[in-house]
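One structure is given here, and the rest of the page talks about it.
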Amino acid sequence: MALQLDLPTLHDLRVVLNADFLAALAALLLLAVILVPLCSYISLYAWSAILAFKLRSPPANWEKSIVKGVQANGTSTLFGFGFWQAAAVRRQLILQSNDPSYYSVTHVSRRSEIAISPEDRNTEFRNRAQDSGAPRRVIYGFFHPYANAGGGGERVLWAAVKDTLMYDDNIICAIYCGEQDLPTRTSPSTVLDAAVSNFHVTELADKELRKRIVFIGMRGRRLVDPKTWPRFTLMMQAAGSVWMAWHGISTLVPDVFVDTMGYPFAYPLVSWVTHVPVAAYVHYPVISKDMLATVSLKQSPVRAALAVAKLVYWRVFALTYTFAGSYCSVVMTNSSWTNNHMQHMWWYNHKAEHIKIVYPPCGTQALSEIAMSEETSARSPNIVYIAQFRPEKRHDIVLREFNKFYKEYTEKYPNQPAPHLTFVGTVRNDDDKSRVYLLRLQARDLVNPDSVSFVLDAPFDKVRDILRTASMGVNAMWNEHFGIVVVEYMSAGLIPVVHNSGGPKCDIVVPYEGQSTGNSGTLSAMPSSTSIRSHYEAVPPGPTGFHFNCPGSDPTTDSGPSYDGEPIGTLAETLMRAFELSESDTHNMRARARESVKKRFSNEQFGSHWQVRMRILEKLEQIRRGHRLTRGDFD
């Protein structure tokens, strides 16, 4: 019988080869999935370690160069340092100088050239450089690209800088700001003068304190300007903030990095390169669950597809935001609204209870000195709106609603003084100028164009004079993260009329002694604790102000009932109710408003909470420094 062999057919060979090929391809893909992230991580770690070493380690002959510069007559400039070495030498000079502020980097400075301060040309400076037992200085870097903008965020910045400097005489504050704020060598003094004038931070006028404030001008501020990026704005601003942060820390490495403006995508870079603790004072979330909720998929097929793409983009961005926030060691928020959103967004590497509210400093003491007698006799029917001229402040809505209110009020009360609206704000750039111009044009079409006025770039004393005689203070921003200006209204004795959202609703214009915020003239007292009542026994419980909605203009609206069960009205309707309060009810509401904010939002209250965070950062800085020394890094 013949032997028969089952030889594989060509089809069988193809099946085997295809199976082997697919298996090999799968193995290669699996290997790539493992190796690419691993190699990327190793490369990133090595790159950050090299940068950290170079930016902190001055050249071997740096002390001789400094001594030579100190001994020279006249202004001496140290040349010959490269980009990396200049940053390390600058850091050592700032830490050892009698006048660290002299080493500020402005728009006209060359980063590779360092001029020796005249105050440092003495024996004391050289002794400090050689004295290993001298108290160690620490640099707290405040990242705030718009340090001279004059808004609520800048008030927080300068109050934090003041409290940080007063915490320890061996602390130096470095302000990382846009170089546009520092066009000349004398610009730092101009910026500090503006902080004293605008925010009444009088401690910053002290010459000795100013010596411990160093300004580091950063390039590329236009990269974080939203108008630079009409498309993919959030993503491109995030990338721009990383570039700005790199430019700042490569000029001067701090020991603690504090972000007071809200650029969290810089945190991973700062942490990798500097190995220092990162703290953040969050004014508002870059992206929030409210933003994600505004995307509607119930549209035409084309628009629905675009909405899906936008939603995917935002969700990926939100995950990246969560990742970036995980590098922050200490998180502070400015309001309940912001705190709730940040606890929701920064869930990774953070316990919710570790994200704490630190209410911003609002200068309540200076404004609460206005006498109570002036609140009843010297107040005119003037409505004030203090806000930067930005689109989200919605000045146009206020103007439109005021016109409706003005027409109704003057027809109903022809013998009463006519109301007046005053816009107060800073003009930062050409865009702000254009918005003011358009508002002036819009005001010409009112029932009475003379019933509206504009006060631009006013110093603190001028603003205080306006608040001294005004009756109502308006805030129209939707989901305002906090609303410092609302606190200022209430401290000065004005009745606040605020949008029914965000910080003004949740934290500021809230029940006093358990009474709901009213939206009518009825003042019904409710029981309150004996301790609170004894502290404010002259002020009866009740509402502290009014809330309003903007139907058709608000992205989302809280349509819940007001205190008296009626729907919350528009701004025009709410202004009418506020102006129709009796004299006694008006006086009581002003008194309640002032007392409710006097302690909660004072500079002293902010300072005490900031000191608590300083103690945490102080310990974290010592731990991180210990890690660097263990690795053999220069420090």
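Including glycine, each Cβ sits where the backbone N, Cα and C put it.
Computed from a predicted structure; not experimentally measured.
Feature annotation (Swiss-Prot): of 232-252, 295-315, the stretch labelled intramembrane segment is 232-252. From the options 83-103, 482-502, the stretch Swiss-Prot describes as intramembrane segment is 482-502.
When pLDDT values are averaged over the topological domain 'Cytoplasmic' (253-481), the model yields 88.
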